[in-house]
Amino acid sequence: MTDKHPRPHSSQVVDGMERAPSRAMLHAVGFADADFAKPQIGIASTWAMVTPCNMHINKLAEDAARGVDGGGGKAVIFNTITISDGISMGTEGMKYSLVSREVIADSIETVVACQGYDGVVAIGGCDKNMPGCLIALARLNRPAVFVYGGTILPGCHDGKKLDVVSVFEAVGARANHRIDDAELHAIESNAIPGPGSCGGMYTANTMASAIEALGMSLPGSSAQVAISRAKELDCERAGAQVLKLLDLGLKPRDIMTKKAFENAITVVIALGGSTNAVLHLLAMANACGVDLKLDDFTRIGRKVPMLADLKPSGRYSMAELVEIGGIQPLMKTLLDAGLLHGDCMTVTGKTLEENLADAPDYPAGQDMIRSLDNPIKKDSHLVILKGNLAPEGAVAKITGKEGLSFTGTARVFDCEEAALTAILDGTIVKGDVIVIRYEGPKGGPGMREMLSPTSAVMGKGLGKEVALITDGRFSGGTHGFVVGHITPEAYTGGPLAIVRDGDTITIDAETRELSLHVTDDEIGRRLAQWTQPAPRYTKGVLAKYARLVSPASEGAVTDDGL
């Protein structure tokens with residue numbers, strides 16, 4: 001051990017005559033006398049039967065505990081919550097999704113700090129688990145390793161691979177009479193074969209990859225199938241590794257530096273990852289005290305190409321990426337090209353460059369990950385837009401398949417449900433820009449994901465014919481010409497609030513502008529006439545969240561400026 005106390009926190013709970021009552025309680029949960037001399041490691045499990053993403057994590061928590069106990073520590077498993085974006089999508093319940101990120105962070109911080117654990121293994125599955133866990137680990141700043149619960153295997157129907165987004169898009173296809181009820185039911189029944197997180201480069205897999213690039217999970221952790229021996233071993237190794245980090249005195253904020261976040265952004269771009277990564281990385285950096293801004297995504301995005309042909313915009317699933325080696329070969333390619341900071345420390349106790357020294361190349365002939373000289377897109381698909389509709393920024397996901405600009409006629413909706421109805425009943429036509437507002441962090445509240453409307457657009461065959469902009473968010477499964485995270489949001493008086501049906505809007509990825517074709521004077525007149533709507537909630541967690549949450553451009557966090 002170092003010259004630091006080997007049990008800096010648990011010793012305050014269990015050492016000495018006066019702590020006998022605490023020891024008595026712990027005897028009841030399985031502590032032997034000898035265990036009180038061991039470092040206590042909390043295993044933060046997100047297990048629940050709420051969602052397939054997390055239904056197996058109780059077993060993974062036991063695997064991690066075995067690693068801790070075998071390494072000379074004492075593991076204590078506890079639970080935090082999860083919700084399912086995929087199940088609640090398109091409902092009022094989706095307003096709680098981003099809120100759950102904060103609840104997860106707060107609850108892990110609460111348990112670990114209250115119980116005096118010396119280190120943490122956090123295991124996450126569904127989308128908000130990952131940033132929620134990392135925010136907590138950053139706040140606590142105790143030796144920690146994050147473990148991703150793993151990706152789901154693809155479903156299959158009529159020889160075609162399926163995932164949850166296939167079902168969302170089938171709803172639009174059914175509404176457009178392109179398939180019948182029997183086909184919709186067949187897709188529904190075969191899309192989700194078992195445990196694991198949604199299978200494309202959607203938000204869960206994006207954030208798991210970002211966290212591996214950040215250095216907070218063991219090499220390979222992000223690209224493993226949920227039910228596999230590799231994932232069991234990943235958990236065991238994580239449990240053992242936390243004890244080594246305790247010995248080294250290496251803490252999360254030593255790892256999660258500005259350069260480490262730049263590495264995470266680089267890998268997210270190369271993989272074609274979710275727009276949610278922007279929001280979550282900003283929030284995670286905030287918890288670390290790292291000054292990360294939207295402009296950093298633009299700066300890095302100008303030099304990093306999109307290389308991965310992964311769903312939702314591409315052809316392949318995460319499970320197929322696992323088969324060719326995961327993200328380690330990609331990271332080695334990026335490092336060799338000077339696009340990653342190799343000197344960043346990681347939870348292995350080694351630098352990123354040291355971790356990647358023996359990383360293999362992808363097998364010859366694979367077409368899932370392109371070479372740097374043959375990218376899918378020469379720069380980032382995550383485009384930060386500004387302009388008179390988004391003075392403080394917005395996030396677009398533009399792979400180039402949709403084109404690089406879109407000008408159309410505004411069709412304005414004050415909630416997601418109204419927009420979805422208009423899409424499904426045929427009101428939305430070629431050339432429209434669907435505007436969904438009052439769905440931001442404060443106005444929703446909760447910044448719902450718009451997967452139902454965007455999937456309906458795709459299912460109706462309008463993916464290249466219409467655009468959608470919102471102060472809400474998008475699922476990692478969204479593709480098409482979409483812009484989210486518009487800031488300031490409509491509820492706080494952002495220009496989105498004064499857009500009218502029939503206005504002309506331009507989205508331009510090359511000039512990085514989101515523009516309302518109305519004069520500044522007219523915008524001023526409309527804003528002067530605008531009044532803020534009454535809050536949708538005045539009691540409960542959504543009311544609290546709306547009062548506390550920061551803008552999307554700052555990560556939508558709830559502990560700033562207190």
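The first residue you see is number 1, and the count goes up from there.
Glycine is treated like the rest: Cβ placed from N, Cα and C.
Between the candidates ASP85, ASP180, ASP181, ASP501, Swiss-Prot assigns the Mg(2+) site shared with ASP127, LYS128, GLU449 to ASP85. Swiss-Prot names CYS53, CYS126 for binding [2Fe-2S] cluster. Of CYS156, CYS198, CYS235, the residue it gives for the same site is CYS198.
The shortest Cα-Cα distance from ASP85 (Mg(2+) binding site) to any of the binding-site residues (CYS53, CYS126, CYS198) is found for CYS126. Calculated from their C-alpha atoms, the gap between CYS198 ([2Fe-2S] cluster binding site) and LYS128 (Mg(2+) binding site) amounts to 13 Å. Cα separation, GLU449 (Mg(2+) binding site) to SER475 (active site, proton acceptor), rounded: 5 Å. Residues THR51, PRO52, ASN54, SER84, ASP85, GLY86, GLY125, ASP127, ILE152, GLY196, SER197, ALA204 surround the recorded [2Fe-2S] cluster site, their Cβ atoms falling within 8 Å of the Cβ centroid of CYS53, CYS126, CYS198, which are themselves excluded. Cβ neighbour count for ASP85 (Mg(2+) binding site): 30 (other Cβ atoms within 10 Å of its Cβ, all protein chains included). The distance from the Cα of CYS53 ([2Fe-2S] cluster binding site) to the Cα of SER475 (active site, proton acceptor) comes to 15 Å. Other Cβ atoms within 10 Å of the Cβ of CYS126 ([2Fe-2S] cluster binding site), summed over all protein chains shown, number 29.
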